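Chemist: Below is a structure I'd like to ask you about.
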């Protein structure tokens, strides 16, 4: 699925209106998800049951779309278990753990603080991409006389990452200290809010870099064997990782505390009808991410979604952004804009 050959993006690209609709829907989903999850998921809900339901829902939604467009048979006919596990196995397991940490953090941080801290994944993606693609591949991978070159950051991108670090440090220290002075629960916020979303961002960066590593290795192997080049469709790749992630979560229930809780209380312990809402929203969001990644960029979505989160939090919770959020928010938005706008350009190749 994820590593199967697909028609060129240009040939199958939807119209501008449809792309704009994808962007708008993803912005709303991304901005509203923290608020919806915090409101509709009880503290007692078993995290693994929630994340597993989300991943299964993503696969179901994707299969429905593939059936609707008549490409399901083609995707499975070109699918290879070896390439699938090579490209998606480890990242899928990491993403499953990341999603579990995000669900914990949703419940224990206000929505805007969560959304801002969650953007530190950009920093860790840049770090791991440089580390993995730079040193592992540059020094040890060479097929058919080709060496994969280290990914570089432009000076402006490095400045953008510095802004992101400053915003994250400011928000982490400020929010935990303010919660402590206001309600005496700074340790709880730190342990169950700030640390989980930060670790999730680290894992997101690692998984994203491993996906890039795997796709480049597969590409070089294909070139060395003189096979037709297979393009990686982000939509189907996300579906593939959701399926593998579901298998990893199922396997973890045999030994994990969540697995024991499921056997004791049942899979849907403390679920309500409203719990289905964030599950479906997250699943649809996963599909939209694949579509937007294929046909557009994600920088606009992230910046806009932060504003949506701030607005919804004020409307529904009556909670204005804290001073720390007001300072960190423009820093993060500026960082994302600069990072997307000014990538590294090889002057030699340009000339």
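The backbone N, Cα and C atoms fix where each Cβ goes, glycine too.
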Chemist: If I go by TrEMBL, the feature transmembrane segment sits on one of 157-174, 175-192, 229-246, 247-264. Which?
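Modeler: Checking TrEMBL against the ranges 157-174, 175-192, 229-246, 247-264, the transmembrane segment one is 157-174.
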Chemist: Where else in the chain does the transmembrane segment (157-174) make close Cβ contacts, counting only residues six or more beyond its ends and a cut-off under 8 Å?
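Modeler: Same-chain contacts beyond the ends: 113, 116-117, 119-120, 122-123, 126, 194, 198, 322-325, 327-329, 331-332, 334-339, 342-344.
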Chemist: In terms of Cβ proximity under 8 Å, which residues at least six beyond the ends of the transmembrane segment (298-316) contact it?
Modeler: 23, 26-28, 30-32, 34-35, 39, 110-112, 115-116, 119, 289, 292, 325, 329, 332-333, 336-337, 339-341
